[in-house]
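What Swiss-Prot says about this one:
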type    : residues                                    : note
BINDING : THR13, ALA14, GLY15, ARG166, SER196, GLN291 : UDP-N-acetyl-alpha-D-glucosamine binding site
Amino acid sequence: MYKYKVIMTGGGTAGHVTPNLALVPSLKENGFEVKYIGSKDGIEKEIIKNNNIPYFQISSGKLRRYFDFKNFSDPFKVLKGIKDANRILKKEKPDVIFSKGGFVAVPVVIAAHLRKIPVVAHESDMTPGLANKLSAPFCNKLCVTFRESLKFIKDNKGVLTGSPIRNEILHGSREEGLKICGFKQEKEVILIMGGSLGSKIINDQIRGKLNLLLRDFNIIHICGKGNLDNNLVNKAGYKQFEYVSEELPHLMNTADYIISRAGANSIFEFLALRKPMLLIPLSKKASRGDQILNANSFKNEGYALVLNEEELINDTLYNKILELKSNKKIIINAMNNMNGKNSIDLIVEVILKSIKR
């Protein structure tokens with residue numbers, strides 16, 4: 001018998017969904033029944049259903065910072081989404097809503113506020129995304145990942161919790177990872193991750209220096225859907241994947257170094273695993289600049305080296321990898337000196353307190 005019911009929401013990208021999944025086991029241990037509200041065709045639908053969590057779908061319009069003719073119709077989708085969410089909340093009667101952001105979350109948060117249901121939200125990046133900015137007035141508490149984020153949260157709603165880490169990430173097997181990749185030589189391993197869709201510029205840079213890199217390293221390259229290079233399928237010491245799921249914990253634990261974009265959820269997983277990282281954040285041309293802030297924060301803490309996209313010319317990436325290798329012990333020592341409580345426990349504590357008020 002459950003003590004409480006929480007309805008989670010968040011979607012649009014995997015980064016708005018996977019942290020929710022990290023919380024589910026602890027929520028259930030604390031007596032919560034867990035259900036989910038997402039969009040009709042977002043990435044969250046498949047992910048949540050694959051984890052056997054009851055799923056409700058609502059209408060949702062995308063929130064854009066740029067001109068698009070859909071900006072005229074999407075507000076009506078948001079209004080319908082509020083109506084859809086209100087109907088679900090009236091029937092389900094949850095004790096609390098937990099929002100991870102993304103455009104689908106806004107109607108749910110507003111509907112919860114109208115029904116006087118407490119809302120706890122979480123922001124992964126250093127500055128709040130548009131969805132969390134719009135949701136903030138209707139939230140009881142907004143959990144943040146970076147200490148620097150607290151200054152952006154009004155009305156004393158901000159709580160520093162860090163980023164929830166999926167338990168399975170911490171229990172990968174290096175031996176299994178090496179088996180998956182089929183590496184024959186004993187070399188240090190670099191894992192390259194270009195985000196869920198891959199990164200052409202990172203892929204091209206790595207492959208352009210591949211023969212040089214393979215002298216000293218084995219390479220695991222998660223290159224994104226449609227980005228496999230058929231000419232490199234049987235290249236010794238080089239294993240490429242379009243996308244990985246169940247294998248990811250093993251591959252991450254196999255890696256000695258990680259080259260990656262700077263999404264907050266991912267880099268905190270690397271930190272939890274004590275993996276020295278070279279971060280190549282999305283440029284301001286392709287984003288709101290949040291990854292640049294994330295990367296620089298980790299650089300300042302001594303957890304990472306940073307190489308901006310516009311610096312990816314000639315031998316800069318190769319030289320930065322050599323610098324990462326030479327600073328391996330220093331970076332790991334900085335990570336080991338980190339003062340960090342269990343983020344999942346902190347977030348669940350905030351959720352419980354929001355109910356008991």
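Each Cβ is built from the backbone N, Cα and C atoms, and glycine gets one as well.
A quick note: this is a predicted structure, and the numbers were derived from the prediction, not measured.
Swiss-Prot feature annotations superimposed on the structure.
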residue : record                                        : Cβ contacts under 8 Å, 6 or more apart
GLY15   : UDP-N-acetyl-alpha-D-glucosamine binding site : SER124, GLY263, ALA264, ASN265
ARG166  : UDP-N-acetyl-alpha-D-glucosamine binding site : THR18, LEU21, ALA22, GLU269
GLN291  : UDP-N-acetyl-alpha-D-glucosamine binding site : ASP125, ARG261, ALA262, GLY263, LEU279, PRO281, LEU282
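DSSP gives GLY15 (UDP-N-acetyl-alpha-D-glucosamine binding site) a helix state.
According to DSSP, GLN291 (UDP-N-acetyl-alpha-D-glucosamine binding site) sits within a helical segment. Look at ARG166 (UDP-N-acetyl-alpha-D-glucosamine binding site): DSSP puts it in coil.
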